[in-house]
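The Zn(2+) binding site annotation in Swiss-Prot covers Cys27, Cys208, His233, Glu237, and the record cites sequence analysis as its basis. As annotated by Swiss-Prot, motif ''HIGH' region' applies to 29-39. According to Swiss-Prot, the motif ''KMSKS' region' annotation covers 265-269. Taken from Swiss-Prot, the feature ATP binding site covers Lys268.
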Amino acid sequence: MQLYNTLTRKKEHFEPAVPGKVNMYVCGITAYDLCHIGHARSAVVFDVLVRYLRHTGLDVTFARNFTDVDDKIITRANQEGLTSQEVAEKYIATFYEDMDRLNVLRADLEPRATTHIEEMISLCVRLIEQDKAYATPSGDVYFRVRAFPGYGKLSGRDVDDLRSGARVAPGEEKEDPLDFALWKAAKPGEPFWESPWGNGRPGWHIECSAMSEKHLPLPLDIHGGGQDLVFPHHENEIAQTEAALGKDFVRYWVHNGFVQVNAEKMSKSLGNFRTIRDILENYLPETLRYFLLTKHYRSPIDFTFESMDEAEKNLKRIYEALGLLHAELEREKWTSGPLPKDVTEEFEGLRQAFADAMEDDMNTAAALGHVFTMVRLANRILDNKGQRKTEGARAFFRAVLDEAATWFAVLGVFGREPAGFLAELRACRVARKGIDPAKVEELLQARINARADKDFARADAIRDEIAALGIEVRDTPSGAVWDVL
C-alpha cells in the first residue's frame, strides 16, 4: 500500500516495522463540546484505514486518546456549573453515541489524559534532566525548542521565521518565545495534580507523547489526525518525544484535509458550524459517512446540503441494485449457460480496480467510482431477460453481493439489508421534506379508484397533484409504489 507521509511530503510504500503488525495512534477529541463534521471526517478516515489494513491481513493495534483536561474543558465546566471531569464524561459519552451511529469502530486502546499524569510527569523529568526543558519559579515547565535541531521538520516551518513573530505574554517566564508548555502551574479553581514543581496540570502536547509511549512500541507505524494538528501539536509531539528518547517517534504521519461549509471555513462566528447531530436530524448516518468518502482524504471536502442530497441519491441507487440482486437470487429455476466472457472479465477488472484504489493512498473516491461501475454492470445483466436467468448470471449476482460485503468491510457502507435501509431512507426524506404519508396514500387510493372507474383524466390529475408534493409514482405488476423525488 502507498501512503502519503506528511513528514517526507510524498507517497511511500507502507511497511510496518514488525512484519504483519501495525501500531497506530490517532489524536482524539478534546471532550468539551458536541462533535462537528470535522471530527466526523477524521474519525471516518482513520476508521477506513484501520478497516483496510485489517482487510489485507495485518494485525492492527489502534489507539485513540481522549483529552479530558484542558483550558476549554475548564471554561465549559464553569459555564455549565459542572466539574471538569463531569464535562469530559458528558462529551465522551456523546462522542461514542455519534461514532456508533456513523459505524466507526471503537479503538483497541482509548487512553485518557487524566489517567496518565504519572507518565507525563516522568517525561517532563527526563527532558529536564537532559536540559531539553526547564521549570520556572512559578511551577511551569517549558520545552526548549532550540534544543531540538529538528524542530519544524513536519510542518516545514523555520525556527527563525517562527521566532520573528513570537511574543512572550505578560507573566510568562519563558526563556524563548518559541518554548511551549509541558506542565502548567495550578490556578485557583482549576483541577490539579501534585508534581515535583508544585501543583499543576499537563500541557496539551505532552499528553499524546506520554500516552503513545505507554501503550504502543515506538516508533509508531502510523500517527494520524486532522491537518490542523500538523502545527503546533504534532510538531511539538515530535520535538518532546524524540528529544527525550533519542530516536524516531513516528514512521508515517497521515493527516486528513479540512471540512468546509459552502466553500467557507466552518466557524461559529460565520453561523455555519455543523455538529454531527445537526446533520443527522435530516439525514441518515450512512449518508453522512458515504459523503465523507466521496473525496480523497487529503483533499478538502465542501459540505453543502446539495452535496448531501447527491450522496443520498447515490447511496439509494446502490442499495436498490443490491436489493434487486437479492430478489433475483430467490429464483428457483435457472437456465444453463455462462455469461459472455467480457462480462466476467469486466467484473474481475473492477474488483482489482477497487483494491488498487485503496492501495493508492486510500483513494476512497476512486474506489466508490468502481463500485458504481460494478452496479451498472449488474443492472445491465438484470435488464437482459435472456441473460438474467442463466446459471452464469446467478454466479455473477452472488459474486457481486460477495464483493459488496468487501465494500462494507473496508468502507463501512452498503452493509444494511436493502429493503430495511430503503424504507428508513424514504421515511427520512419524507420527514425532511415535510410530506404527509397518509395524504399520499389517500391520493394514491383516489387514483386507483379513478382508474377503476375509467376516469383517466381524473387519475392523471391526481398523479400531477402527487408529483407536486415531490412524490414519484411507479406502476408495477403488484400495484402502484411511491417514493420521494
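Cβ from N, Cα, C; glycine included.
On the backbone, the CA of Cys27 (Zn(2+) binding site) and the CA of the residue listed as 'ATP binding site' stand 23 Å apart. Taking the centre of the Cβ atoms of Cys27, Cys208, His233, Glu237 as the Zn(2+) site, the nearby residues of that chain (Cβ within 8 Å, site residues left out) are Trp204, His205, Glu207, Ser209, His223, Gly225, Leu229, His234, Asn236. Here the CA atom of Lys268 (ATP binding site) lies 28 Å from the CA atom of Glu237 (Zn(2+) binding site). Neighbour counts of Cβ atoms within 10 Å were compared across the binding-site residues His233, Lys268; the minimum falls on Lys268. Mapped onto DSSP helix, strand and coil, the motif ''KMSKS' region' (265-269) counts 0 helix, 1 strand, 4 coil. Neighbour count (other Cβ atoms within 10 Å of the Cβ, all protein chains): 21 for Cys27 (Zn(2+) binding site). His233 (Zn(2+) binding site) and Lys268 (ATP binding site) have their C-alpha atoms 22 Å apart, to the nearest angstrom. For the motif ''HIGH' region' (29-39), the DSSP counts in helix, strand and coil order read 3 helix, 2 strand, 6 coil. The residue listed as 'ATP binding site' sits 27 Å from Cys208 (Zn(2+) binding site), taking the Cα positions as reference. For the motif ''HIGH' region' (29-39), the predicted model reports an average pLDDT of 97. In the shown protein chains, 28 other C-beta atoms lie within 10 A of the C-beta of Cys208 (Zn(2+) binding site).
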